[in-house]
Amino acid sequence: MKDRFGREIDYLRVSVTDNCNLRCVYCMDEKDNKFLKKDEKLTDDEIYRVVKESAKLGIKKVRITGGEPLVRPGVVDLIGKINSIEGIEEIYLTTNGILLADRLDELVKNGLKGVNISLDSLKEDRFNKLTRLGHVDNVLAAIDKAISLGIKVKLNTVIVNDINKDEIMDFVNLTKEKEIDVRFIELMPIGIAINYKGVANEEVLNIIRRKASDFEEVVRNQSGGPATYIRLNGAKGKVGFISAMSNCFCEDCNRIRLTPEGFLKQCLHFDYGVDLKSILREGVNDEKLKEVIYNNIYDKPEKHLFLEDSEHKELKFMNQIGG
Ligand code: SAM
Ligand code: SF4
């Protein structure tokens, strides 16, 4: 369906939990994080119903995210159930990769088309510092296994000043030998991230230009997503740039988000949306549920205002919204 600005909205990001097995420094506090209780989160059946009605409105692609989606019990089956909904053509997962390797066979069997794995450092000591809890070998093993299973694999990397700028070329060079796209994602000033300084993608690209002699032309993004891409000469994968801060892609935005507590969110930046959990638990029928979703999608704001003040600015942390 189209929203009031004529954008085709066909992509739903479903965050299935705010909990996580890591504590990345720009995403969560180290201690005293308050997580939703089980009954505060949508059940599998409630998520299924929301996706089913959304599919009737034209949602074709679903991404499961979090928090860390793989810490939610039963998520592998939930992915299979969502994949079976009429109209859903593609289902993807965004994960930190820590628990991924062991689940991949079943995920692929259940219809998973691809995986975005977040990884900000290839060095064990730094990875452990950045995530406060993780070991990079688990993630690297998951990347190789996902490639071997033939699904689409993208790495999402956030470059933060004074932390991992020196690893930009290490990430770029991964695309030479591996069938993966590496995408640099600009840090957004959400939640605890306001305490960190991201590196603009223009600077990342300049570093690549200086250091990669076999740099090849920009390949325009064919998939309709927000990334723009380049490719090193002869490389198997591409290098992408998702520049939400320096280059707003809102006019092509095709997505809405469902938070773990059942709030259908129109835009990452705003607290606008609708509380679907309440109406689901009041016994709403499918027709009415579809109408509520329709109205919410239709009303999607024109663009984010990260760089401006707004009384409706989202104050939650990224793990609570769903990245
Ligand atoms: N736990 C999963 C993971 O790490 O992939 C899924 C959720 S996580 C919130 C999704 C993505 O959001 C990660 O790639 C993470 O680096 C990114 N992220 C978290 N906080 C961010 C911020 N303030 N700005 C930009 N990206 C952020
Ligand atoms: Fe967890 Fe992902 Fe946030 Fe890291 S970025 S703390 S892995 S939700």
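For all residues, glycine too, the Cβ spot is worked out from N, Cα and C.
What TrEMBL says about a protein is an automatic prediction, not a curated fact.
Fair warning: this is a prediction, and the values are worked out from it, not measured in the lab.
Noted in TrEMBL for the protein shown:
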BINDING   R13, R63, T94, K154, R255, I256, R257  GTP binding site
BINDING   C20, C24, C27  [4Fe-4S] cluster 1 binding site
BINDING   Y26, G67, S118, M188  S-adenosyl-L-methionine binding site
BINDING   C250, C253, C267  [4Fe-4S] cluster 2 binding site
DOMAIN    4-226  domain 'Radical SAM core'
Problem set entry | When distances run from the Cα of T94 (GTP binding site) to each of the binding-site residues C24, C27, S118, M188, C250, the nearest one | S118
For this session: Could you find out if DSSP has G67 (S-adenosyl-L-methionine binding site) as helix, strand or coil?
Result: coil
Problem set entry | Candidates C20, C250, C253, R255 (binding-site residues) with Cα within 10 Å of G67 (S-adenosyl-L-methionine binding site) | C20
Problem set entry | Close-lying binding-site residues around ligand 1 among T94, M188, C250, C253, C267, where CB distance stays under 6 Å | T94, M188
Exercise. At the level of the C-alpha atoms, what whole-angstrom distance separates C24 ([4Fe-4S] cluster 1 binding site) and I256 (GTP binding site)?
Worked result: 24
Seminar exercise, completed: CB neighbours within 10 A of M188 (S-adenosyl-L-methionine binding site), counting all protein chains shown, number 20
For this session: Write out, in the order they occur in the sequence, the residues of the chain not among C20, C24, C27 that have a C-beta within 8 Å of the mean position of the C-beta atoms of the recorded [4Fe-4S] cluster 1 site.
Result: L22, R23, Y26, M28, G67, E68, N96, T131, M318, N319
For this session: Provide, as an integer number of angstrom, the distance between the C-alpha atoms of I256 (GTP binding site) and Y26 (S-adenosyl-L-methionine binding site).
Result: 23
Seminar exercise, completed: Of Y26, M188, R255, I256, R257, the binding-site residues whose C-beta sits under 6 angstroms from any atom of ligand 2 are none
Exercise. Taking each of the binding-site residues C20, C24, C250, C253 in turn and counting other Cβ atoms within 10 Å of its Cβ, which one has the fewest?
Worked result: C250
Problem set entry | For R255 (GTP binding site), the one of Y26, C27, S118, C267 that lies nearest, given that the binding-site residues are compared by Cα | C267
Exercise. Expressed to the nearest Å, what is the distance separating R63 (GTP binding site) and C250 ([4Fe-4S] cluster 2 binding site) at their Cα atoms?
Worked result: 19
For this session: Based on DSSP, name the secondary structure state of T94 (GTP binding site): helix, strand or coil.
Result: strand
Exercise. Which ones in the same chain are close to K154 (GTP binding site), with CB under 8 Å and 6+ residues apart in sequence?
Worked result: G114, V115, N116, I117, I180, D181, V182, R183, G240
